[in-house]
Amino acid sequence: MKARLLILLCALSATDADTICIGYHANNSTDTVDTVLEKNVTVTHSVNLLEDSHNGKLCRLKGIAPLQLGKCNIAGWILGNPECESLLSNRSWSYIAETPNSENGTCYPGDFADYEELREQLSSVSSFERFEIFPKERSWPKHNITRGVTAACSHAKKSSFYKNLLWLTEANGSYPNLSKSYVNNKEKEVLVLWGVHHPSNIEDQRTLYRKENAYVSVVSSNYNRRFTPEIAERPKVRGQAGRMNYYWTLLEPGDKIIFEANGNLIAPWYAFALSRGLGSGIITSNASMDECDTKCQTPQGAINSSLPFQNIHPVTIGECPKYVRSTKLRMVTGLRNIPSIQSRGLFGAIAGFIEGGWTGMVDGWYGYHHQNEQGSGYAADQKSTQNAINGITNKVNSVIEKMNTQFTAVGKEFNKLEKRMENLNKKVDDGFLDIWTYNAELLVLLENERTLDFHDSNVKNLYEKVKNQLRNNAKEIGNGCFEFYHKCDNECMESVKNGTYDYPKYSEESKLNREKIDGVKLESMGVYQILAIYSTVASSLVLLVSLGAISFWMCSNGSLQCRICI
């Protein structure tokens, strides 16, 4: 009995066998990503796909300065409000920047027809040629071209008028019928602007135009309207009881526009040959101009980013990331980051790919840790790591390329009478925005899930590669590790790692050691059987003695009577 117990203890106290483990990289990263099934998964490496920062400034777009309207709006600039005269020298721009509450628009009160459509047209214009469509000094010899000024459009405390229009009035007591035409020979679209004056009383009508009933006719291939003055008492705006309505049209190359009137015409003086650009636009912003350059401008500030998404502003100009409402879009490129608990020892549960990664393996994503008489160490599997890096890099680049459709997204303009249309447009835009956001988030969630599964598969494949080489020359110990049945020096370990392990070379030694271990197991089973029988017999004897003692005591004090009958 003692001999058998001694054999068991000797077997249990044998030296540790050589061991090799398959595992993966871990580090001190705190990056977290979301997947379809999990939230806030800590990973070793990830890339951010969402830009959330800007510089708060208006910048040059690809080296071209914007047109800053300052205190003027689009109407004041294009009509030539005297307070906006300095803007007329600008011939080209990357985009137009307008402040939210610009004060200089139409100086003489009135309506600007189709103003929102004009803004939309100008949002795609990157330069124009300003030219005299009807030269001031020789186009209107029978009409007065100097009296048409007003205190409403004053400049430097003097009455003035729009710099692109002429207010024609009577000359020498008459206002002859006029007819003036222009043929577009600019080989570009030409923007033509004019106006119609509506006096507040008949006396002003007679004084200015020498007739009570007047008309203005404007005709081109695509435009045909006849206007009559509406003479009526109105509340004063900017000191004026009268009104001017402003109109515009685009004249195609080769087309002809004809103006006929016998009064009340605010005639074109300058027109604009338009050049359109793909990257232009109009933004409304309080941001100030700075000495900076960018590829993407928003009302909040410039974005310098190659990321596919941004959550700064839906209105963008230039090559910009797609706007989404997300607050986080991070794509995993590494592995689950589960550093091993070092206090649990090098081998055991922490060494495998099941419960934790290795912070000590820094030169690859997947690899090995071995222990033998010559020592221990980590080694990355460079081939599987590089294949994984290439695959994930290509995937990330593909996702960014597919989603990184950079473009200009300008706001749409609606007048006060189009409120229902504006509300409907907002709902449609919100719907598209929700779809874009959902698609972006779902794409990232799915790709993160696939990447983490991809890493798990790679570790498993590496494990199976080692298992298929070792076969029964080693045993699995259930944590990503194998315990050799033979001595495996560093050369042997290296052969396992590079896939050249010589199974027959170690088969005989492994077989002998395996049989010894199996013998010890059988011997141990015999010892355990003897101990079990001994324990059962001893327990039964103790129970019988105890019952006998109790019976004897009860008989002696009369508590138990025993009768023996023959």
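Here the Cβ of each residue, glycine as well, is placed from N, Cα and C on the backbone.
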Per Swiss-Prot, cysteine bonded by disulfide to CYS488 (from CYS481, CYS492):
CYS492
Pick out which of CYS59, CYS72, CYS153 Swiss-Prot lists as the disulfide partner of CYS107.
CYS153
Under 8 Å by Cβ from CYS492 (disulfide bond), same chain, sequence gap 6 or more:
ASN372, TYR501, TYR506
Residue among recorded positions ASN28, CYS107, ASN144, CYS320 with Cα closest to the Cα of CYS488 (disulfide bond):
ASN28
Go through ASN90, ASN104, ASN144, ASN172, ASN304, the listed glycosylation sites, and name the one with the sparsest Cβ surroundings, counting other Cβ atoms within 10 Å.
ASN172
Nearest to ASN286 (N-linked glycosylation site) in three-dimensional space, by Cα, is which of the recorded positions CYS84, ASN90, ASN104?
ASN104
From ASN90, CYS296, CYS320: recorded positions whose CA lies within 10 A of ASN104 (N-linked glycosylation site):
none
In Å, rounded, how far does the Cα of ASN40 (N-linked glycosylation site) sit from the Cα of ASN28 (N-linked glycosylation site)?
15
